[in-house]
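I have placed the structure first, in the form of structure tokens, so that the comments after it can refer back to it.
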Amino acid sequence: MSTLLLNLDFGEPPPKKTLEGNAKHRRFVKKRRFLERRGFLNKKNQPPSKAPKLHSEPPKKGEAPQADGTCKAPPLPKKKATASSSGSEQSLDKKTAVPWLTPAPSQKDGSSVAKVDLLGEFQSALPKIKSHPTRPQKNAPQNSTQAHAENKCSGASQTVPKKMVAIDCEMVGTGPKGHVSSLARCSIVNYDGDVLYDEYILPPCHIVDYRTRWSGIRKQHMVNATPFKIARNQILKILAGKVVVGHAVHNDFKALQYCHPKALTRDTSHIPLLNRKADCPENATVSLKRLTKKLLNRDIQVGKSGHSSVEDAQATMELYKLVEVDWEQRLAQTPPKDW
């Protein structure tokens, strides 16, 4: 029987860990070169950042965990670089590093390490967009106190109007037997009694009775008098939008052939507060002469020369001022209805 000879090699096989380590190292080198070509990694000779990562991540393959929680790649063995790797490194040297992807090195303050503000660095690298300033709204109140004051002032201006005038007219007789009253003089004064308008007016019809005893109009006054149409337009421009004060003022409007808004009309012959102050019946129509004598202690419409429309308009405004506040408050509560 022939002898069977077996040539057995009992040498130790290569350790598994060494083979696995070499495979992991090759994969690591392959990934690193790929990232270098893409430009996601800086130069190889740049010192790594010592700043800790904000969020701890599990270590990648081939990276050893450090004591502070960061991972550090094992050093690569010195090998001869191939032509392709040297070319990629040269091209990488020419490229500029992306500042917002690479965290800046941390600054140590005592024993604590400053945290890296990656979000701030990312926002600083973005292009700055100019924001247009918001325009402030016009005519807008700055605060609630100012708005309340404005509302209060507006309410006060509605209660006591500032644009106020007093009017008085003198008439002459025209028509059959002089029974038609036609405008022959008109006087308008402001709130302080200053004269705004005072003109003799020529009626469109023939004057039959001058009524000089009451009107004070004479024939010579009509020589250079203003024609009725021109005078009427001048007067209405003054009265427009104003509060008109008068005594039995409806007669003046009738002579002007005009109707003023009732809400802007103050007739001193129909103000019960004035009659009460003068110790007269509230519903009675008291003459301007009597009210002026009792409340202002002044005589008007005296003598045979006739009335003065300027004097009557000034007396009417002074009488109205005596009850202005109370009467305006009552009108604000119960506004007068239109004619």
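Cβ from N, Cα, C; glycine included.
Just so you know, TrEMBL annotations are computer predictions that nobody has curated.
Residues or ranges marked as compositional bias 'Basic and acidic residues' by TrEMBL: 14-23, 54-63. The compositional bias 'Basic residues' feature in TrEMBL is assigned to 24-35. Annotated compositional bias 'Polar residues' per TrEMBL: 136-156, in sequence order. According to TrEMBL, the feature domain 'Exonuclease' maps to 163-329. The region 'Disordered' annotation in TrEMBL covers 1-112, 126-156.
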Taking only the residues in the domain 'Exonuclease' (163-329), give me the average pLDDT of this model. 94
Structural state census, the compositional bias 'Basic residues' (24-35) (DSSP three-state): 12 helix, 0 strand, 0 coil
